[in-house]
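Participant: Straight out of TrEMBL:
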DOMAIN    2-198  domain 'Flavodoxin-like fold'
BINDING   Thr137, Arg138, Gly139, Gly140  FMN binding site
Amino acid sequence: MSKVLYIKANAKPEGISRTFKLSDSFIEAYKSSYPNDEVITLDLYKENIKPLTEDDISAIYSPKTDQSRNHPVLRYAYEFAEADKYVIAAPLWNLSIPGILKLYFDYVTATGITFNYTSGGGVAGLLENKKAIHIVTRGGEYSEPPMSEYEMGDKYLRVLLGFYGVNDISTFAVENMDRSDTNVEAVLEKGVKELQEKAKDF
Ligand SMILES: Cc1cc2nc3c(=O)[nH]c(=O)nc-3n(C[C@H](O)[C@H](O)[C@H](O)COP(=O)(O)O)c2cc1C
(Lines of atoms letter the chains of each structure in order from A and count residues from 1; the text may use other names and numbers.)
(Lines give C-alpha, C1' and ligand atoms only; values in the text may rest on other atoms or scores of the structure.)
Protein backbone atom coordinates (compact mmCIF):
# COMPACT_ATOMS: atom_id res chain seq x y z
CA MET A 1 0.00 0.00 0.00
CA SER A 2 1.38 3.39 -0.99
CA LYS A 3 0.88 6.72 0.71
CA VAL A 4 0.16 9.60 -1.67
CA LEU A 5 0.60 13.21 -0.63
CA TYR A 6 -1.60 15.51 -2.74
CA ILE A 7 -0.25 19.04 -2.32
CA LYS A 8 -2.54 21.80 -3.59
CA ALA A 9 -1.18 25.31 -3.99
CA ASN A 10 -3.64 27.85 -5.30
CA ALA A 11 -5.73 30.67 -3.87
CA LYS A 12 -8.46 29.73 -6.34
CA PRO A 13 -10.64 26.85 -5.11
CA GLU A 14 -12.01 23.78 -6.83
CA GLY A 15 -14.56 24.69 -9.48
CA ILE A 16 -12.58 27.82 -10.39
CA SER A 17 -8.99 26.64 -10.64
CA ARG A 18 -8.06 25.02 -13.94
CA THR A 19 -5.07 23.39 -12.31
CA PHE A 20 -7.26 21.75 -9.67
CA LYS A 21 -9.71 20.55 -12.33
CA LEU A 22 -6.81 18.58 -13.80
CA SER A 23 -5.23 17.45 -10.55
CA ASP A 24 -8.52 16.46 -8.88
CA SER A 25 -9.33 14.31 -11.93
CA PHE A 26 -5.93 12.70 -11.66
CA ILE A 27 -6.49 11.92 -7.97
CA GLU A 28 -9.98 10.51 -8.55
CA ALA A 29 -8.65 8.25 -11.31
CA TYR A 30 -5.72 7.23 -9.11
CA LYS A 31 -8.09 6.27 -6.28
CA SER A 32 -10.11 4.11 -8.68
CA SER A 33 -6.97 2.31 -9.84
CA TYR A 34 -5.42 1.99 -6.38
CA PRO A 35 -8.35 1.80 -3.94
CA ASN A 36 -6.18 0.52 -1.10
CA ASP A 37 -3.68 3.38 -1.21
CA GLU A 38 -3.90 6.22 1.27
CA VAL A 39 -4.27 9.71 -0.25
CA ILE A 40 -3.55 12.64 2.05
CA THR A 41 -4.74 16.00 0.68
CA LEU A 42 -2.82 19.05 1.82
CA ASP A 43 -4.52 22.24 0.63
CA LEU A 44 -1.89 24.80 1.56
CA TYR A 45 -4.28 27.75 1.65
CA LYS A 46 -6.31 25.92 4.29
CA GLU A 47 -3.19 25.11 6.31
CA ASN A 48 -2.50 28.72 7.31
CA ILE A 49 1.18 28.35 6.49
CA LYS A 50 3.31 31.25 7.68
CA PRO A 51 6.90 32.27 6.88
CA LEU A 52 9.50 30.60 9.07
CA THR A 53 10.30 32.37 12.32
CA GLU A 54 13.75 32.31 13.93
CA ASP A 55 12.57 29.58 16.34
CA ASP A 56 11.19 27.55 13.43
CA ILE A 57 14.59 27.69 11.72
CA SER A 58 16.25 26.36 14.91
CA ALA A 59 13.83 23.43 14.98
CA ILE A 60 14.41 22.66 11.32
CA TYR A 61 18.21 22.58 11.61
CA SER A 62 18.60 21.12 15.10
CA PRO A 63 19.56 17.43 15.58
CA LYS A 64 16.50 15.21 15.47
CA THR A 65 15.52 13.01 18.41
CA ASP A 66 12.75 10.51 19.12
CA GLN A 67 10.59 13.44 20.21
CA SER A 68 11.08 15.40 16.99
CA ARG A 69 8.21 13.61 15.25
CA ASN A 70 5.83 15.41 17.61
CA HIS A 71 7.30 18.88 17.06
CA PRO A 72 4.61 20.96 15.28
CA VAL A 73 7.14 22.79 13.09
CA LEU A 74 8.51 19.50 11.77
CA ARG A 75 5.13 18.00 10.95
CA TYR A 76 5.26 18.80 7.24
CA ALA A 77 8.79 17.42 6.82
CA TYR A 78 7.93 14.08 8.48
CA GLU A 79 4.66 13.81 6.58
CA PHE A 80 6.54 14.42 3.33
CA ALA A 81 9.26 11.89 4.18
CA GLU A 82 6.66 9.24 5.09
CA ALA A 83 4.82 9.52 1.75
CA ASP A 84 5.71 7.37 -1.27
CA LYS A 85 4.26 9.52 -4.04
CA TYR A 86 3.67 13.23 -4.48
CA VAL A 87 1.06 14.97 -6.60
CA ILE A 88 1.80 18.70 -6.68
CA ALA A 89 -0.88 20.94 -8.17
CA ALA A 90 0.48 24.43 -8.68
CA PRO A 91 -0.18 26.96 -11.46
CA LEU A 92 2.60 29.14 -12.85
CA TRP A 93 2.74 32.38 -10.91
CA ASN A 94 5.16 35.08 -11.94
CA LEU A 95 7.41 32.58 -13.70
CA SER A 96 7.55 30.34 -10.62
CA ILE A 97 5.46 28.46 -8.08
CA PRO A 98 2.86 30.20 -5.89
CA GLY A 99 4.63 31.68 -2.84
CA ILE A 100 2.71 29.48 -0.41
CA LEU A 101 4.29 26.38 -1.95
CA LYS A 102 7.76 27.86 -1.40
CA LEU A 103 6.79 28.53 2.24
CA TYR A 104 5.66 24.92 2.57
CA PHE A 105 8.96 23.61 1.22
CA ASP A 106 10.82 25.79 3.72
CA TYR A 107 9.26 23.51 6.38
CA VAL A 108 9.85 20.31 4.42
CA THR A 109 13.55 20.99 3.82
CA ALA A 110 14.68 19.85 7.27
CA THR A 111 17.98 18.23 8.24
CA GLY A 112 17.73 14.64 9.38
CA ILE A 113 14.31 14.27 7.73
CA THR A 114 14.48 15.07 4.02
CA PHE A 115 18.20 15.82 3.65
CA ASN A 116 21.43 15.86 5.61
CA TYR A 117 24.82 17.48 5.53
CA THR A 118 27.59 14.95 4.94
CA SER A 119 30.92 14.72 6.74
CA GLY A 120 32.61 15.76 3.50
CA GLY A 121 30.81 19.11 3.57
CA GLY A 122 28.21 18.19 0.97
CA VAL A 123 24.54 17.38 1.18
CA ALA A 124 22.65 14.15 0.67
CA GLY A 125 18.96 13.56 0.09
CA LEU A 126 17.34 11.14 2.53
CA LEU A 127 14.36 10.09 0.39
CA GLU A 128 14.53 7.04 -1.86
CA ASN A 129 12.20 5.22 -4.22
CA LYS A 130 9.62 7.99 -4.39
CA LYS A 131 7.89 9.47 -7.37
CA ALA A 132 6.26 12.81 -8.09
CA ILE A 133 4.09 14.55 -10.65
CA HIS A 134 3.74 18.30 -11.00
CA ILE A 135 0.42 19.29 -12.55
CA VAL A 136 0.50 22.87 -13.78
CA THR A 137 -1.43 25.25 -15.99
CA ARG A 138 0.17 28.36 -17.45
CA GLY A 139 -1.22 31.50 -19.02
CA GLY A 140 1.39 31.51 -21.77
CA GLU A 141 3.70 29.02 -23.40
CA TYR A 142 7.06 28.03 -21.98
CA SER A 143 7.78 24.70 -23.63
CA GLU A 144 10.28 26.01 -26.21
CA PRO A 145 13.29 28.31 -26.00
CA PRO A 146 13.63 31.19 -25.40
CA MET A 147 10.51 31.15 -23.14
CA SER A 148 11.49 27.85 -21.51
CA GLU A 149 14.37 29.78 -19.91
CA TYR A 150 11.83 31.97 -18.10
CA GLU A 151 9.96 29.07 -16.49
CA MET A 152 11.32 28.59 -12.99
CA GLY A 153 8.43 26.88 -11.20
CA ASP A 154 8.75 23.39 -12.59
CA LYS A 155 12.54 23.74 -12.68
CA TYR A 156 12.60 24.70 -9.02
CA LEU A 157 10.41 21.76 -8.00
CA ARG A 158 12.55 19.31 -9.96
CA VAL A 159 15.80 20.56 -8.46
CA LEU A 160 14.41 20.66 -4.92
CA LEU A 161 12.82 17.20 -5.12
CA GLY A 162 16.08 15.88 -6.58
CA PHE A 163 17.88 17.44 -3.64
CA TYR A 164 15.72 15.28 -1.32
CA GLY A 165 16.51 12.22 -3.43
CA VAL A 166 13.24 12.11 -5.39
CA ASN A 167 14.32 11.44 -8.96
CA ASP A 168 11.25 9.98 -10.64
CA ILE A 169 9.52 13.25 -11.50
CA SER A 170 7.08 13.98 -14.28
CA THR A 171 5.39 17.20 -15.31
CA PHE A 172 1.94 17.59 -16.83
CA ALA A 173 1.61 21.12 -18.18
CA VAL A 174 -1.33 22.68 -19.97
CA GLU A 175 -0.32 25.99 -21.50
CA ASN A 176 -1.74 29.05 -23.23
CA MET A 177 -4.65 29.17 -20.82
CA ASP A 178 -4.90 32.94 -21.00
CA ARG A 179 -4.71 33.33 -24.74
CA SER A 180 -7.96 34.60 -26.24
CA ASP A 181 -7.79 31.98 -29.02
CA THR A 182 -7.55 29.05 -26.59
CA ASN A 183 -10.67 26.95 -26.09
CA VAL A 184 -10.00 26.51 -22.39
CA GLU A 185 -12.77 23.99 -21.73
CA ALA A 186 -11.75 21.77 -24.64
CA VAL A 187 -8.06 21.89 -23.70
CA LEU A 188 -8.86 21.05 -20.09
CA GLU A 189 -11.12 18.14 -21.09
CA LYS A 190 -8.28 16.74 -23.21
CA GLY A 191 -5.91 17.18 -20.26
CA VAL A 192 -8.33 15.41 -17.91
CA LYS A 193 -8.50 12.39 -20.23
CA GLU A 194 -4.72 12.20 -20.55
CA LEU A 195 -4.27 12.46 -16.81
CA GLN A 196 -6.88 9.77 -16.16
CA GLU A 197 -4.71 7.45 -18.26
CA LYS A 198 -1.51 8.54 -16.53
CA ALA A 199 -3.04 7.91 -13.11
CA LYS A 200 -3.34 4.19 -13.89
CA ASP A 201 0.46 3.86 -13.97
CA PHE A 202 1.41 6.36 -11.31
C1 LIG B 1 -0.55 35.75 -9.47
C2 LIG B 1 -0.51 35.16 -10.86
C3 LIG B 1 0.67 35.17 -11.57
C4 LIG B 1 0.73 34.61 -12.86
N5 LIG B 1 1.91 34.59 -13.53
C6 LIG B 1 1.98 34.01 -14.74
C7 LIG B 1 3.22 33.95 -15.46
O8 LIG B 1 4.26 34.38 -15.00
N9 LIG B 1 3.21 33.37 -16.69
C10 LIG B 1 2.07 32.84 -17.24
O11 LIG B 1 2.14 32.33 -18.35
N12 LIG B 1 0.90 32.88 -16.59
C13 LIG B 1 0.83 33.45 -15.35
N14 LIG B 1 -0.36 33.48 -14.68
C15 LIG B 1 -1.54 32.85 -15.31
C16 LIG B 1 -1.80 31.48 -14.75
O17 LIG B 1 -0.67 30.65 -14.76
C18 LIG B 1 -2.90 30.79 -15.57
O19 LIG B 1 -4.04 31.62 -15.69
C20 LIG B 1 -3.29 29.47 -14.94
O21 LIG B 1 -4.10 28.73 -15.82
C22 LIG B 1 -4.03 29.69 -13.63
O23 LIG B 1 -4.38 28.44 -13.10
P24 LIG B 1 -5.62 28.28 -12.10
O25 LIG B 1 -6.88 28.46 -12.91
O26 LIG B 1 -5.46 26.92 -11.54
O27 LIG B 1 -5.49 29.35 -11.06
C28 LIG B 1 -0.43 34.05 -13.42
C29 LIG B 1 -1.63 34.06 -12.69
C30 LIG B 1 -1.67 34.61 -11.43
C31 LIG B 1 -2.96 34.59 -10.66
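Yeah, the Cβs are placed from backbone N, Cα and C, and that goes for glycine too.
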Participant: Here are some binding-site residues: Thr137, Arg138, Gly139, Gly140. Which one has the most Cβ atoms within 10 Å of its Cβ?
Facilitator: Thr137
Participant: Between 0 and 100, where does the mean pLDDT of the domain 'Flavodoxin-like fold' (2-198) sit?
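Facilitator: Reported value for the domain 'Flavodoxin-like fold' (2-198) is a mean pLDDT of 97.
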Participant: May I have the list of same-chain residues other than Thr137, Arg138, Gly139, Gly140 whose Cβ is within 8 Å of the Cβ centroid of the recorded FMN site, in sequence order?
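Facilitator: Everything else in range on the chain: Pro91, Leu92, Glu141, Tyr142, Glu175, Asn176, Met177, Asp178.
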Participant: Provide the three-state secondary structure of Gly140 (FMN binding site) computed with DSSP.
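Facilitator: Coil, per DSSP.
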